[in-house]
Every structure is written in C-alpha cells, then in structure tokens.
Amino acid sequence: MTMLLDGGPQFPGLGVGSFGAPRHHEMPNREPAGMGLNPFGDSTHAAAAAAAAAAFKLSPAAAHDLSSGQSSAFTPQGSGYANALGHHHHHHHHHHHTSQVPSYGGAASAAFNSTREFLFRQRSSGLSEAASGGGQHGLFAGSASSLHAPAGIPEPPSYLLFPGLHEQGAGHPSPTGHVDNNQVHLGLRGELFGRADPYRPVASPRTDPYAAGAQFPNYSPMNMNMGVNVAAHHGPGAFFRYMRQPIKQELSCKWIDEAQLSRPKKSCDRTFSTMHELVTHVTMEHVGGPEQNNHVCYWEECPREGKSFKAKYKLVNHIRVHTGEKPFPCPFPGCGKIFARSENLKIHKRTHTGEKPFKCEFEGCDRRFANSSDRKKHMHVHTSDKPYICKVCDKSYTHPSSLRKHMKVHESQGSDSSPAASSGYESSTPPAIASANSKDTTKTPSAVQTSTSHNPGLPPNFNEWYV
C-alpha cells in the first residue's frame with residue numbers, strides 16, 4: 001500500500017525530519033494528478049504531494065507484529081492486508097528490508113511501485129493538533145476514519161476498515177488523536193479523508209457476501225460502504241425507490257342488500273386488503289348466523305338469480321366462487337394446488353396416494369375409481385345407457401368425454417366444410433376412415449359406411465362408448 005505523506009517537520013513524533021529540496025524523478029507508473037492521483041481532484045495539493053512525498057515500508061514480517069502487541073508506527077500492508085482483502089497486485093510489491101529511509105530517491109521509488117491505496121492529503125482548513133508522538137495504532141486510526149462522511153453527516157462505526165486494531169488499541173488511545181464514536185481520529189495535518197459517499201447504504205435481506213473475511217479475525221472486508229450490514233444506521237436508500245413495489249390488492253364486496261329501497265340497488269363496495277377480511281365481512285354481515293333461514297346469494301350478477309340453497313354451508317361454499325377464496329391447499333410438497341371445497345381436496349389427494357376406493361359393481365369388472373362420480377359414469381358402459389345426448393344431431397353417449405369429443409366434430413364442420421379436416425380437434429371418426437374420406441371424395445356417404453362395416457381390419461370405435 002502506498003502512503004504519500006507531506007514531507008516536512010509536521011511529523012517529529014514519527015522520527016522523520018524535514019527532507020531536502022524535492023527532486024524531479026521520472027515516474028512512468030503514475031498517472032497525472034488530474035487522472036485520479038488525488039481523489040478530490042485538487043491538482044495543487046496533488047502536485048505538492050507528488051513532488052515532496054516520502055514512503056515508509058518495513059519488512060513484511062512486521063505485518064504480524066500488530067497482533068503480538070509490538071509497537072510500530074508504520075506497518076506494511078502489502079502482505080497481510082492485501083492478501084486478506086484479495087488484492088492480486090503481487091508484481092508491485094518489492095520488498096525493501098530497511099528500517100529507515102536511506103534516501104529520498106529510494107523511498108520515492110518504493111512508494112510509487114507499491115499499490116496505491118492511501119493518499120495523505122493536506123487539509124486546507126488545518127487542525128490545531130500536532131503530532132507529538134507515534135502510537136501503535138495512530139496511523140491506522142486515521143486510515144480507518146477515512147471512510148467516514150464529511151462534517152455534519154453522522155458516521156456509523158461499521159465503516160471502520162480495521163475494527164480489530166481499534167479493539168486492540170481501545171485501552172491505549174493514541175496521544176496524537178482524539179476518540180469519537182469508538183474511532184481514534186489522527187490529529188495530523190495529513191489525516192486521510194476518503195471520497196464522500198454519495199449513496200446511502202440500503203437494507204439487504206441477504207447475508208453478507210463478504211463473509212470470506214471471517215478467516216482473518218483482525219481484518220474486516222473492504223467496501224463496507226456498499227450497503228451491506230450497515231443499514232441499521234440509515235433508513236431505506238435511494239436504490240429501493242427504483243424497485244417495483246408490490247401492487248396493493250384490493251378486494252371489493254359486491255353483495256347487494258335486498259332491503260334497499262333505491263333503484264337500481266347498489267352493491268356494498270367495501271374494499272379489503274386481505275381475503276380473510278373479505279370473507280369475514282361477507283359471512284358476518286351478509287350471510288348471517290344460524291337464525292338466518294333464507295340461504296340466497298345476492299352477489300352482483302350471480303347466475304343463480306335468487307335461487308335458494310338448502311343449507312347455509314352450501315351457500316358459503318357457493319360464495320367462494322365469487323370471492324375466489326380457496327382455503328384448502330394440497331399438503332403434499334411441490335404440488336401447490338388449492339381448492340375451494342374440502343371434498344375436492346380429499347379427492348385430489350388420492351392422485352398422490354393412488355387410492356381408488358370405489359370399485360365397479362358390475363360382475364367381472366375390476367375397474368376402480370378415486371371418486372364415486374367417475375364410477376357412476378363408468379357404469380353406463382355395462383348398462384348400455386347413453387344419457388349424454390348431442391343437441392345438434394341427437395346422438396347419445398355413455399360418457400360425457402365422448403360427447404365432448406363429438407361436439408368438436410360439429411365445431412370443425414362449422415370452420416371447414418369437410419368433417420375430415422379436424423383443424424386440430426379430435427373427432428369421433430377413426431383416423432383410417434378420415435384418411436379414406438380425404439383421399440377419395442367421389443364416394444358417397446353410403447359407400448363409406450359400407451366400406452366401414454365390411455372392413456375387418458378396422459377396430460370398432462370404442463371412444464364412442466368407453467373411456
């Protein structure tokens with residue numbers, strides 16, 4: 001990490017005196033001052049810092065001295081800190097094993113060849129505090145406070161880059177700074193300030209994606225101002241303003257009170273935010289209690305048109321058609337189906353269990369069914385009853401599904417003059433006969449019927465009488 005300090009007598013406690021006149025060196029690895037060397041875009045201070053800068057870099061082994069309590073004013077962050085935060089600029093780290101700065105040129109080259117992370121900027125306002133001594137955590141306290149916002153904006157303690165270092169130095173505050181909100185602010189003229197955060201952190205329902213830093217107990221992940229786990233100090237941010245908010249569902253009661261004298265009669269039109277509130281309202285205020293004898297649905301545009309039910313529970317089940325209430329979900333995982341009546345749920349669960357309790361009562365038939373209605377439809381096969389009659393051609397069928405298939409033939413005839421062209425509909429005519437009709441259109445209908453009855457290779461059309 002690069003730390004550019006103002007060369008001058010303002011750091012006597014750090015053991016650094018004044019430097020000589022600045023020398024101009026060729027620095028090919030550095031961008032111009034206006035290209036991001038100074039995060040504040042101040043070319044004057046950037047030029048001064050670039051001209052009279054000093055870099056301090058110790059042995060990489062000193063990166064681990066912080067945990068053992070050894071005092072060090074400047075600790076290299078190239079080995080421990082960069083590896084903890086996932087930096088891969090290994091080609092920039094040149095290990096200069098020196099305990100002091102031998103010359104300005106060597107220090108400047110070491111500074112400009114290392115990673116650019118921290119820039120010390122001369123504060124124009126100036127602070128009255130002077131650096132009288134160098135504590136172990138004095139510099140890192142100033143570095144850690146670099147992510148706080150400018151004056152007048154509250155700064156959460158979660159912005160600390162090195163919370164472990166502050167915990168270690170809590171009992172030994174730096175004599176060169178002051179403590180504010182558990183943060184030790186360095187009282188130097190070159191105290192580091194980060195770029196002001198223009199975005200407020202927002203709440204996130206997910207866990208911390210930077211949990212990889214847990215393996216480094218003394219370091220916390222960088223970019224803590226990205227809005228993860230710091231939302232406890234701020235309200236919802238600007239990011240959620242652009243997220244699509246869920247549309248508030250309003251359920252309206254369309255029950256018409258028959259006691260109204262006005263014409264036309266108006267519906268209730270009370271709105272509710274949940275289905276439970278709507279159902280409770282209809283049951284308590286419109287359907288009535290056990291004393292109610294008239295079980296009639298007065299919902300707007302109800303197709304029953306005032307026809308009464310024999311029992312109250314039947315009226316309640318019917319009202320679910322209007323309200324859309326389905327209080328009986330399938331308990332089997334992954335199914336997700338819901339039903340308005342418990343009887344339908346009971347029948348549906350047999351599709352999961354494979355239970356078929358209804359056996360065909362005809363002797364010699366082993367067919368079983370999941371519900372009694374399917375068994376009743378099947379019984380027409382044995383009795384030769386055909387209660388399902390076509391209203392167009394008076395044909396009758398033993399099963400309603402056969403009648404539905406037959407009705408598609410009439411639908412195809414309405415769209416196409418040829419019955420063979422089914423237009424995607426399934427007809428009751430066998431495919432072989434349909435293909436014969438399409439190939440030979442000169443045959444009369446009687447000839448087709450004769451060929452059908454005398455063709456031993458064609459099976460009978462079982463779809464007409466059995467499903």
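Note that the numbers count up from 1, one per residue, in the order the chain is shown.
The backbone N, Cα and C atoms fix where each Cβ goes, glycine too.
Note that the structure is predicted; figures quoted are calculated from it, not measured.
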Candidate set LYS248, LYS312, LYS391, LYS395, annotation SUMO2 cross-link, source Swiss-Prot, matching residue: LYS248
Outside the motif 'Nuclear localization signal' (330-352), six or more residues from its ends: residues with CB under 8 Å to it: 317, 320-321, 370-371
Local confidence of the zinc finger (251-286) - pLDDT mean: 85
Interface present between the zinc finger (251-286) and the zinc finger (358-382) (three or more C-beta pairs under 8 A): no
